[in-house]
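The block underneath contains the structure these notes are about, expressed in C-alpha coordinates.
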Ligand SMILES: [Mg+2]
(Lines of atoms letter the chains of each structure in order from A; the text may use other names.)
(Lines give C-alpha, C1' and ligand atoms only; values in the text may rest on other atoms or scores of the structure.)
Protein backbone atom coordinates (compact mmCIF):
# COMPACT_ATOMS: atom_id res chain seq x y z
CA UNK A 1 0.00 0.00 0.00
CA UNK A 2 2.48 2.55 -1.20
CA UNK A 3 0.31 5.62 -1.31
CA UNK A 4 1.26 9.07 -0.29
CA UNK A 5 -1.23 11.09 1.70
CA UNK A 6 -2.31 13.25 -1.25
CA UNK A 7 -3.28 10.18 -3.21
CA UNK A 8 -5.83 8.97 -0.70
CA UNK A 9 -9.52 9.60 -0.33
CA UNK A 10 -10.79 10.66 3.07
CA UNK A 11 -13.78 8.37 3.59
CA UNK A 12 -13.37 5.33 5.83
CA UNK A 13 -15.86 2.49 5.99
CA UNK A 14 -15.26 0.49 9.15
CA UNK A 15 -17.07 -2.80 9.59
CA UNK A 16 -16.60 -5.42 12.29
CA UNK A 17 -15.96 -8.92 10.99
CA UNK A 18 -18.78 -11.41 11.69
CA UNK A 19 -19.60 -9.27 14.66
CA UNK A 20 -21.75 -11.50 16.90
CA UNK A 21 -19.51 -14.51 16.31
CA UNK A 22 -16.40 -12.45 17.03
CA UNK A 23 -17.82 -11.29 20.35
CA UNK A 24 -18.52 -14.91 21.32
CA UNK A 25 -15.01 -15.98 20.34
CA UNK A 26 -13.49 -13.06 22.23
CA UNK A 27 -15.37 -14.05 25.38
CA UNK A 28 -14.72 -17.78 25.08
CA UNK A 29 -11.24 -18.46 23.72
CA UNK A 30 -12.02 -22.18 23.41
CA UNK A 31 -14.09 -21.20 20.35
CA UNK A 32 -11.12 -19.68 18.57
CA UNK A 33 -10.24 -21.27 15.26
CA UNK A 34 -13.39 -23.39 15.26
CA UNK A 35 -16.55 -23.15 13.19
CA UNK A 36 -18.93 -21.08 15.30
CA UNK A 37 -22.48 -19.97 14.57
CA UNK A 38 -24.51 -17.62 16.71
CA UNK A 39 -28.22 -18.26 16.63
CA UNK A 40 -31.12 -20.44 17.62
CA UNK A 41 -33.23 -21.95 14.87
CA UNK A 42 -31.49 -19.69 12.40
CA UNK A 43 -27.87 -18.65 11.98
CA UNK A 44 -27.43 -14.97 12.82
CA UNK A 45 -23.67 -14.86 12.35
CA UNK A 46 -21.00 -17.36 11.43
CA UNK A 47 -17.28 -17.35 12.08
CA UNK A 48 -15.00 -17.48 9.06
CA UNK A 49 -14.21 -21.12 9.85
CA UNK A 50 -17.95 -21.85 9.63
CA UNK A 51 -18.28 -19.81 6.44
CA UNK A 52 -15.60 -21.94 4.87
CA UNK A 53 -18.14 -24.78 5.08
CA UNK A 54 -20.83 -22.67 3.45
CA UNK A 55 -22.61 -21.66 6.66
CA UNK A 56 -24.03 -18.15 6.46
CA UNK A 57 -26.43 -15.75 8.06
CA UNK A 58 -30.18 -16.43 7.74
CA UNK A 59 -29.54 -20.10 7.09
CA UNK A 60 -31.64 -22.59 9.01
CA UNK A 61 -29.65 -24.31 11.70
CA UNK A 62 -30.45 -27.75 10.40
CA UNK A 63 -29.00 -26.93 7.01
CA UNK A 64 -25.97 -25.34 8.66
CA UNK A 65 -25.31 -28.49 10.66
CA UNK A 66 -25.64 -30.58 7.56
CA UNK A 67 -22.95 -28.48 5.87
CA UNK A 68 -20.78 -28.40 8.94
CA UNK A 69 -21.43 -31.21 11.45
CA UNK A 70 -18.78 -29.84 13.84
CA UNK A 71 -20.49 -26.48 14.00
CA UNK A 72 -20.53 -24.98 17.48
CA UNK A 73 -23.82 -23.20 18.01
CA UNK A 74 -23.87 -20.42 20.58
CA UNK A 75 -27.05 -18.70 21.74
CA UNK A 76 -27.01 -14.95 21.10
CA UNK A 77 -26.26 -12.48 23.90
CA UNK A 78 -27.78 -9.17 22.83
CA UNK A 79 -26.44 -7.35 25.85
CA UNK A 80 -22.85 -8.28 25.03
CA UNK A 81 -23.31 -7.10 21.43
CA UNK A 82 -24.79 -3.76 22.47
CA UNK A 83 -21.95 -3.28 24.89
CA UNK A 84 -19.34 -4.08 22.24
CA UNK A 85 -21.06 -1.84 19.71
CA UNK A 86 -21.04 1.03 22.15
CA UNK A 87 -17.33 0.55 22.80
CA UNK A 88 -16.52 0.42 19.09
CA UNK A 89 -18.54 3.56 18.38
CA UNK A 90 -16.61 5.26 21.18
CA UNK A 91 -13.41 4.47 19.26
CA UNK A 92 -15.03 5.92 16.11
CA UNK A 93 -15.96 9.07 18.01
CA UNK A 94 -12.41 9.40 19.30
CA UNK A 95 -11.17 9.12 15.72
CA UNK A 96 -13.23 11.87 14.11
CA UNK A 97 -16.28 13.97 14.91
CA UNK A 98 -17.84 12.96 11.58
CA UNK A 99 -19.21 9.48 12.09
CA UNK A 100 -22.22 8.13 10.24
CA UNK A 101 -23.43 4.93 11.83
CA UNK A 102 -24.88 2.48 9.34
CA UNK A 103 -25.75 -0.35 11.69
CA UNK A 104 -24.76 -1.81 15.02
CA UNK A 105 -21.31 -2.79 13.72
CA UNK A 106 -20.57 -0.49 10.83
CA UNK A 107 -19.98 3.19 10.12
CA UNK A 108 -18.60 5.70 7.67
CA UNK A 109 -16.00 8.12 8.99
CA UNK A 110 -14.87 11.29 7.25
CA UNK A 111 -11.25 12.00 8.15
CA UNK A 112 -10.38 14.83 5.77
CA UNK A 113 -9.06 17.78 7.68
CA UNK A 114 -7.42 15.60 10.33
CA UNK A 115 -4.17 15.13 8.46
CA UNK A 116 -2.13 17.48 10.58
CA UNK A 117 -3.33 16.01 13.84
CA UNK A 118 -3.68 12.36 12.98
CA UNK A 119 -1.93 11.75 9.71
CA UNK A 120 -3.06 10.41 6.36
CA UNK A 121 -6.36 8.49 6.06
CA UNK A 122 -4.55 5.15 5.77
CA UNK A 123 -2.65 5.88 8.98
CA UNK A 124 -5.86 6.89 10.72
CA UNK A 125 -7.43 3.64 9.52
CA UNK A 126 -4.51 1.61 10.85
CA UNK A 127 -4.74 3.29 14.23
CA UNK A 128 -8.50 2.79 14.29
CA UNK A 129 -8.08 -0.94 13.72
CA UNK A 130 -5.46 -1.18 16.46
CA UNK A 131 -7.66 0.76 18.85
CA UNK A 132 -10.69 -1.46 18.25
CA UNK A 133 -8.48 -4.50 18.77
CA UNK A 134 -6.94 -3.11 21.96
CA UNK A 135 -9.95 -1.49 23.56
CA UNK A 136 -12.71 -3.87 22.46
CA UNK A 137 -10.86 -7.02 21.47
CA UNK A 138 -12.53 -7.39 18.08
CA UNK A 139 -11.33 -7.59 14.48
CA UNK A 140 -12.55 -4.80 12.22
CA UNK A 141 -11.97 -4.25 8.51
CA UNK A 142 -11.61 -0.81 7.02
CA UNK A 143 -11.83 0.50 3.47
CA UNK A 144 -10.39 3.90 2.57
CA UNK A 145 -11.51 5.69 -0.56
CA UNK A 146 -12.79 8.92 -2.06
CA UNK A 147 -16.48 7.98 -1.88
CA UNK A 148 -18.69 6.09 0.52
CA UNK A 149 -19.51 3.54 -2.12
CA UNK A 150 -15.89 2.72 -2.88
CA UNK A 151 -14.95 2.69 0.80
CA UNK A 152 -17.70 0.16 1.45
CA UNK A 153 -16.61 -2.06 -1.40
CA UNK A 154 -13.02 -1.80 -0.16
CA UNK A 155 -13.86 -2.84 3.40
CA UNK A 156 -15.77 -5.85 2.11
CA UNK A 157 -12.76 -6.86 0.05
CA UNK A 158 -10.41 -6.29 2.98
CA UNK A 159 -12.18 -8.87 5.13
CA UNK A 160 -11.36 -10.55 7.36
CA UNK A 161 -9.39 -8.26 9.63
CA UNK A 162 -7.90 -6.18 6.86
CA UNK A 163 -7.34 -2.72 5.49
CA UNK A 164 -7.76 -1.79 1.86
CA UNK A 165 -6.93 1.64 0.50
CA UNK A 166 -8.18 2.58 -2.95
CA UNK A 167 -5.62 5.15 -4.14
CA UNK A 168 -7.10 7.96 -6.17
CA UNK A 169 -5.03 7.16 -9.22
CA UNK A 170 -6.09 3.53 -9.13
CA UNK A 171 -9.74 4.15 -8.45
CA UNK A 172 -10.99 3.67 -11.96
CA UNK A 173 -9.20 0.38 -12.51
CA UNK A 174 -10.45 -0.87 -9.13
CA UNK A 175 -14.03 0.11 -9.83
CA UNK A 176 -14.24 -1.24 -13.37
CA UNK A 177 -12.85 -4.62 -12.37
CA UNK A 178 -15.67 -5.29 -9.91
CA UNK A 179 -18.54 -7.66 -10.68
CA UNK A 180 -21.93 -6.01 -11.27
CA UNK A 181 -23.19 -7.48 -8.02
CA UNK A 182 -20.86 -5.12 -6.24
CA UNK A 183 -22.96 -2.17 -7.33
CA UNK A 184 -25.13 -0.81 -4.59
CA UNK A 185 -28.69 -1.77 -5.35
CA UNK A 186 -27.99 -4.70 -7.63
CA UNK A 187 -29.68 -7.73 -6.12
CA UNK A 188 -29.89 -11.29 -7.39
CA UNK A 189 -32.70 -10.52 -9.82
CA UNK A 190 -30.96 -7.56 -11.43
CA UNK A 191 -27.75 -9.57 -11.52
CA UNK A 192 -29.53 -12.28 -13.45
CA UNK A 193 -30.91 -9.81 -15.97
CA UNK A 194 -27.53 -8.17 -16.41
CA UNK A 195 -25.75 -11.50 -16.77
CA UNK A 196 -28.28 -12.59 -19.36
CA UNK A 197 -27.30 -9.48 -21.33
CA UNK A 198 -23.64 -10.37 -20.90
CA UNK A 199 -23.09 -7.49 -18.53
CA UNK A 200 -20.77 -8.96 -15.92
CA UNK A 201 -18.48 -6.26 -14.64
CA UNK A 202 -18.85 -2.63 -13.76
CA UNK A 203 -16.73 -1.89 -16.82
CA UNK A 204 -19.53 -3.43 -18.89
CA UNK A 205 -22.08 -1.18 -17.17
CA UNK A 206 -19.97 1.93 -17.67
CA UNK A 207 -19.67 1.18 -21.38
CA UNK A 208 -23.42 0.94 -21.89
CA UNK A 209 -25.61 3.78 -23.08
CA UNK A 210 -27.95 4.86 -20.30
CA UNK A 211 -30.92 4.00 -22.50
CA UNK A 212 -29.62 0.49 -23.06
CA UNK A 213 -29.20 -0.02 -19.35
CA UNK A 214 -32.67 1.37 -18.69
CA UNK A 215 -34.31 -1.27 -20.86
CA UNK A 216 -32.67 -3.89 -18.65
CA UNK A 217 -33.21 -2.53 -15.17
CA UNK A 218 -35.63 0.38 -15.46
CA UNK A 219 -34.75 4.01 -15.87
CA UNK A 220 -34.49 4.93 -12.19
CA UNK A 221 -32.05 2.17 -11.38
CA UNK A 222 -30.19 2.78 -14.63
CA UNK A 223 -29.34 6.37 -13.75
CA UNK A 224 -28.20 5.35 -10.32
CA UNK A 225 -26.09 2.43 -11.54
CA UNK A 226 -24.55 4.43 -14.31
CA UNK A 227 -23.53 7.15 -11.88
CA UNK A 228 -21.95 4.64 -9.50
CA UNK A 229 -20.19 2.84 -12.32
CA UNK A 230 -18.74 6.15 -13.45
CA UNK A 231 -17.43 6.79 -9.97
CA UNK A 232 -19.98 9.49 -9.08
CA UNK A 233 -21.20 9.22 -5.53
CA UNK A 234 -21.84 12.65 -4.13
CA UNK A 235 -23.27 11.50 -0.81
CA UNK A 236 -21.25 13.03 1.99
CA UNK A 237 -20.62 11.27 5.28
CA UNK A 238 -23.28 12.68 7.53
CA UNK A 239 -23.16 12.50 11.26
CA UNK A 240 -26.70 11.47 11.99
CA UNK A 241 -28.45 13.16 14.80
CA UNK A 242 -29.66 10.70 17.37
CA UNK A 243 -32.74 9.00 16.06
CA UNK A 244 -34.45 9.08 19.37
CA UNK A 245 -34.82 11.55 22.13
CA UNK A 246 -37.29 12.28 24.90
CA UNK A 247 -38.25 15.67 26.09
CA UNK A 248 -40.79 17.87 27.79
CA UNK A 249 -41.40 21.58 27.88
CA UNK A 250 -43.49 24.00 29.83
CA UNK A 251 -44.78 27.48 29.08
CA UNK A 252 -44.15 29.55 32.17
CA UNK A 253 -46.90 31.32 34.05
CA UNK A 254 -46.22 34.81 35.36
CA UNK A 255 -45.25 33.63 38.83
CA UNK A 256 -42.83 31.03 37.46
CA UNK A 257 -40.60 33.52 35.67
CA UNK A 258 -38.12 33.98 38.49
CA UNK A 259 -34.79 32.11 38.63
CA UNK A 260 -36.16 29.85 41.39
CA UNK A 261 -39.44 29.41 39.58
CA UNK A 262 -37.67 28.30 36.42
CA UNK A 263 -35.52 25.85 38.36
CA UNK A 264 -38.54 24.28 40.00
CA UNK A 265 -40.30 23.88 36.66
CA UNK A 266 -37.15 22.37 35.21
CA UNK A 267 -36.90 19.91 38.09
CA UNK A 268 -40.40 18.73 37.26
CA UNK A 269 -39.56 18.34 33.56
CA UNK A 270 -36.30 16.48 34.15
CA UNK A 271 -37.96 14.18 36.67
CA UNK A 272 -40.76 13.36 34.28
CA UNK A 273 -38.38 12.58 31.40
CA UNK A 274 -36.02 10.61 33.65
CA UNK A 275 -38.90 8.46 34.78
CA UNK A 276 -39.87 7.81 31.18
CA UNK A 277 -36.28 6.85 30.44
CA UNK A 278 -36.18 4.40 33.33
CA UNK A 279 -39.54 2.90 32.44
CA UNK A 280 -38.27 2.33 28.91
CA UNK A 281 -35.01 0.89 30.23
CA UNK A 282 -33.03 3.59 28.47
CA UNK A 283 -30.22 5.93 29.30
CA UNK A 284 -29.39 9.34 27.87
CA UNK A 285 -25.95 10.57 26.90
CA UNK A 286 -26.84 14.22 26.35
CA UNK A 287 -29.07 16.78 28.04
CA UNK A 288 -30.39 19.82 26.24
CA UNK A 289 -31.97 22.87 27.78
CA UNK A 290 -34.24 25.07 25.73
CA UNK A 291 -35.18 28.54 26.83
CA UNK A 292 -37.64 30.82 25.08
CA UNK A 293 -37.12 34.43 25.92
CA UNK A 294 -39.57 37.27 26.42
CA UNK A 295 -39.24 38.25 22.75
CA UNK A 296 -40.09 34.67 21.71
CA UNK A 297 -36.67 33.93 20.29
CA UNK A 298 -35.21 30.84 21.86
CA UNK A 299 -31.86 29.25 22.46
CA UNK A 300 -30.68 25.78 23.33
CA UNK A 301 -27.63 24.51 25.14
CA UNK A 302 -26.45 20.92 25.44
CA UNK A 303 -24.12 18.97 27.59
CA UNK A 304 -22.89 15.45 27.05
CA UNK A 305 -22.54 13.47 30.23
CA UNK A 306 -19.41 11.53 31.12
CA UNK A 307 -21.58 8.40 31.24
CA UNK A 308 -25.06 7.79 29.88
CA UNK A 309 -27.60 7.71 32.67
CA UNK A 310 -31.27 7.76 33.63
CA UNK A 311 -30.70 9.14 37.13
CA UNK A 312 -32.85 12.19 37.77
CA UNK A 313 -30.24 13.87 39.92
CA UNK A 314 -27.39 13.53 37.43
CA UNK A 315 -29.55 14.76 34.55
CA UNK A 316 -30.86 17.60 36.69
CA UNK A 317 -27.43 18.75 37.86
CA UNK A 318 -26.16 18.97 34.30
CA UNK A 319 -29.28 20.82 33.16
CA UNK A 320 -29.25 23.27 36.06
CA UNK A 321 -25.68 24.09 35.24
CA UNK A 322 -26.76 24.96 31.70
CA UNK A 323 -29.58 27.07 33.12
CA UNK A 324 -27.36 28.93 35.56
CA UNK A 325 -25.09 29.91 32.70
CA UNK A 326 -28.11 31.73 31.28
CA UNK A 327 -29.48 33.47 34.32
CA UNK A 328 -28.00 36.82 33.25
CA UNK A 329 -29.54 36.61 29.81
CA UNK A 330 -32.86 35.46 31.24
CA UNK A 331 -32.90 38.37 33.68
CA UNK A 332 -32.30 40.77 30.79
CA UNK A 333 -34.66 39.31 28.22
CA UNK A 334 -37.29 37.60 30.28
CA UNK A 335 -38.32 33.96 29.88
CA UNK A 336 -41.57 32.42 28.71
CA UNK A 337 -40.82 28.72 28.27
CA UNK A 338 -38.31 26.11 29.30
CA UNK A 339 -37.77 22.73 27.77
CA UNK A 340 -35.64 19.73 28.56
CA UNK A 341 -34.54 17.01 26.20
CA UNK A 342 -32.60 13.82 26.79
CA UNK A 343 -30.89 12.46 23.69
CA UNK A 344 -28.27 9.95 22.66
CA UNK A 345 -30.62 7.35 24.05
CA UNK A 346 -29.39 3.88 24.36
CA UNK A 347 -30.68 0.60 25.61
CA UNK A 348 -29.95 -3.07 25.49
CA UNK A 349 -30.73 -4.89 22.37
CA UNK A 350 -32.79 -2.25 20.70
CA UNK A 351 -30.27 -1.45 18.06
CA UNK A 352 -29.70 -5.04 17.18
CA UNK A 353 -30.57 -5.70 13.67
CA UNK A 354 -29.93 -8.52 11.36
CA UNK A 355 -28.49 -7.19 8.17
CA UNK A 356 -29.16 -9.86 5.65
CA UNK A 357 -27.88 -9.92 2.19
CA UNK A 358 -31.07 -9.83 0.26
CA UNK A 359 -34.62 -8.77 0.81
CA UNK A 360 -35.68 -11.45 -1.59
CA UNK A 361 -33.95 -14.16 0.39
CA UNK A 362 -36.64 -16.68 1.30
CA UNK A 363 -34.93 -17.25 4.62
CA UNK A 364 -35.23 -13.63 5.55
CA UNK A 365 -38.63 -13.54 7.14
CA UNK A 366 -37.98 -16.70 9.11
CA UNK A 367 -34.74 -15.23 10.30
CA UNK A 368 -36.36 -11.97 11.26
CA UNK A 369 -39.12 -13.79 13.09
CA UNK A 370 -36.59 -15.83 15.00
CA UNK A 371 -34.87 -12.68 16.11
CA UNK A 372 -38.15 -11.00 16.93
CA UNK A 373 -39.18 -13.95 19.03
CA UNK A 374 -35.98 -13.77 20.93
CA UNK A 375 -35.49 -10.06 21.32
CA UNK A 376 -38.88 -8.53 20.73
CA UNK A 377 -40.17 -6.82 17.63
CA UNK A 378 -38.20 -3.67 18.14
CA UNK A 379 -34.94 -5.55 17.90
CA UNK A 380 -35.32 -5.92 14.18
CA UNK A 381 -35.47 -3.24 11.59
CA UNK A 382 -34.84 -4.00 8.01
CA UNK A 383 -31.55 -2.77 6.68
CA UNK A 384 -33.22 -0.59 4.07
CA UNK A 385 -35.21 1.25 6.68
CA UNK A 386 -32.09 2.01 8.56
CA UNK A 387 -29.84 2.89 5.68
CA UNK A 388 -32.59 4.55 3.67
CA UNK A 389 -31.88 2.29 0.76
CA UNK A 390 -28.17 2.77 0.84
CA UNK A 391 -27.58 -0.34 2.77
CA UNK A 392 -28.29 -2.73 0.00
CA UNK A 393 -26.39 -5.91 -0.47
CA UNK A 394 -23.06 -6.63 -1.89
CA UNK A 395 -23.16 -10.32 -2.40
CA UNK A 396 -20.21 -11.47 -4.35
CA UNK A 397 -17.28 -9.83 -2.72
CA UNK A 398 -15.57 -11.99 -0.13
CA UNK A 399 -18.39 -13.70 1.49
CA UNK A 400 -18.78 -11.45 4.45
CA UNK A 401 -22.30 -10.90 3.30
CA UNK A 402 -21.94 -8.97 6.41
CA UNK A 403 -24.34 -10.50 8.72
CA UNK A 404 -23.24 -8.67 11.79
MG1 LIG B 1 -19.95 -6.38 9.87
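Note that Cβ sites are derived from N, Cα and C of the backbone, with glycine treated the same way.
In TrEMBL, annotation is done automatically, which means it is predicted and not curated.
According to TrEMBL, the protein carries these features:
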- 11-187: domain 'UmuC' (DOMAIN)
- 15, 105: Mg(2+) binding site (BINDING)
- 20: site 'Substrate discrimination' (SITE)
- 106: active site (ACT_SITE)
- 227-255: region 'Disordered' (REGION)
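Secondary structure by DSSP for the region 'Disordered' (227-255): 5 helix, 7 strand, 17 coil. Rounded to a whole number, the distance between the Cα atoms of residue 106 (active site) and residue 15 (Mg(2+) binding site) is 4 Å. Of all Cβ atoms in the protein chains displayed, 24 besides its own lie within 10 Å of the Cβ of residue 15 (Mg(2+) binding site).
In the three-state DSSP scheme, residue 15 (Mg(2+) binding site) is classed as strand.
Across the residues of the domain 'UmuC' (11-187), the predicted structure has a mean pLDDT of 92.
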